[in-house]
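According to TrEMBL:
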type	residues	note
DOMAIN	A:53-109	domain 'Nitrite/Sulfite reductase ferredoxin-like'
DOMAIN	A:119-271	domain 'Nitrite/sulphite reductase 4Fe-4S'
DOMAIN	A:346-397	domain 'Nitrite/Sulfite reductase ferredoxin-like'
DOMAIN	A:408-546	domain 'Nitrite/sulphite reductase 4Fe-4S'
């Protein structure tokens, strides 16, 4: 992974010092709440229900074991012993004290971590494919470009006060695992007819209140122009994005209101002017690629036969391998998902002990690296098949081996009403209840690939609008109700879920979900996934059953 | 009152004249874009210098032919979070090769000075005199830059 040089390190330390000064000025009354609000948000600090919430950046979801251990000690020393992984592959702490946040940040800086631009109306953390560099369907590893973008976005002087937040995702594979089409700017590595690799650039995608699928502004961009193109898009957005209404301030609204053709023309005009001043040299790209060179794989890893023996001898192991591991481009290796969706813990949460145990596992079995996924799980990307049985046992002992990746209990879930001051309704409790109702693993495995995404409010942090089943918490006269959508997807076949009907009260949400699953099981043709069934039969059969008694 | 110009404290010699006030006979003045476009000839006939105060929604392209005659462009922050001025400064320096003074005025924070300096703003006027020293210090908040800049 990318190793900080001296300059990178100095920058994050200087940012800690700046934030320490800003916090002191606020605490002494010199800075007003509104001014401090904007400044602290640009450093990941929200004021939440119980305490400030601090969001720590995990650039494109890549972590070292050293960083994981630091996240653990910070959880212990500044929080209640746990942290939460988000859908932007970042980490959140829900209980730090404001006056101690500068010290917390100074500790993170010792392991090259920070909270720069993790919130506020600025360029946010760039997200990517959690299987980058190991998947078979990759055109090129996106991470070098993510790091180039990370550096370009960090403290960008012109784009620190945008109309609204701005998110970029990069994917280098043919299968989109990074929800690229739902980002302000989406970047796909693609091959053109001449066989050259470059970028397809999308703009104007987004989730939240108005989910919109991004549109292509440039089908093929030579690599050397990546930053100038991004800069041109950002300049047009910064100058012309709406600032009169925060719900219409995202670039998706600008693209929609301006029209794709005109928007593209504005971008291209600016880009033609600046493209030759901002060239990414081949040398720079190669240097960055070297930072993400493949680890020293063992070429004899595929000679192992113990893996097959364990597979046939232990059904529990076999099940885990089927659901929680993934094919690797190197023979004899697999990628391993660590499920942060154990039935009895809030989705995405990890304790300090778990973090430390995973750091040890990463050191021993996966070159000391860990990845976070946008579905709020972790990945050990490079595990030898001969080690999988031991890794499974050790993960099981720390409750990170629930074999439910990609199944109905692998829900994306925001912190909801329990922690978040924006939420209308709880989500963690509902996730727990759904989990309890679906406690039969065989049934879960039988219904297969279903993505449930649940957000506690319209802001849609858990991407409910692109869940195969989306659950959205709404407030109805002070009560928690839930609106359901079906058929959304954030992958290649990007789609926004369709509303099933009137929202349901809290005491019926679990029954509603099980009814929906039941309808699917009855309606599905052989091997048909949930999403395929919904596409084929439409919403009607689901409506009939869910609202049968109304 | 003192302002920061090219990282030094200097005495301010400029006055902003609102659209409903008459033009004074002497003294360096700035006016709104609308007044500049309307009274350009009269402004340039005066013996003192003239400049323009831009608001975030102004089209800087309207000044394109006049830039060589304008000594100061003020970028006026109605609220500190309005980031359009950052792109305007950048365009004035890089696209339009504007050589005169670009001055930040209005409701903004010393914390923004580092960014503003990097997009080409070289003078800073604050309504709160306490902000001057903070702003001077904030210019050195970061020694590392990832992006090319105009300063």
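Just so you know, glycine gets a Cβ as well, placed from its N, Cα and C.
With helix defined as DSSP H, G or I and strand as E or B, the domain 'Nitrite/Sulfite reductase ferredoxin-like' (A:53-109) counts 29 helix, 14 strand, 14 coil. Shown for the domain 'Nitrite/sulphite reductase 4Fe-4S' (A:408-546): DSSP residue counts in helix, strand and coil, namely 56 helix, 28 strand, 55 coil. For the domain 'Nitrite/Sulfite reductase ferredoxin-like' (A:53-109), the model's pLDDT averages out at 95. Under DSSP, residues within the domain 'Nitrite/Sulfite reductase ferredoxin-like' (A:346-397) fall into helix, strand and coil as 27 helix, 14 strand, 11 coil.
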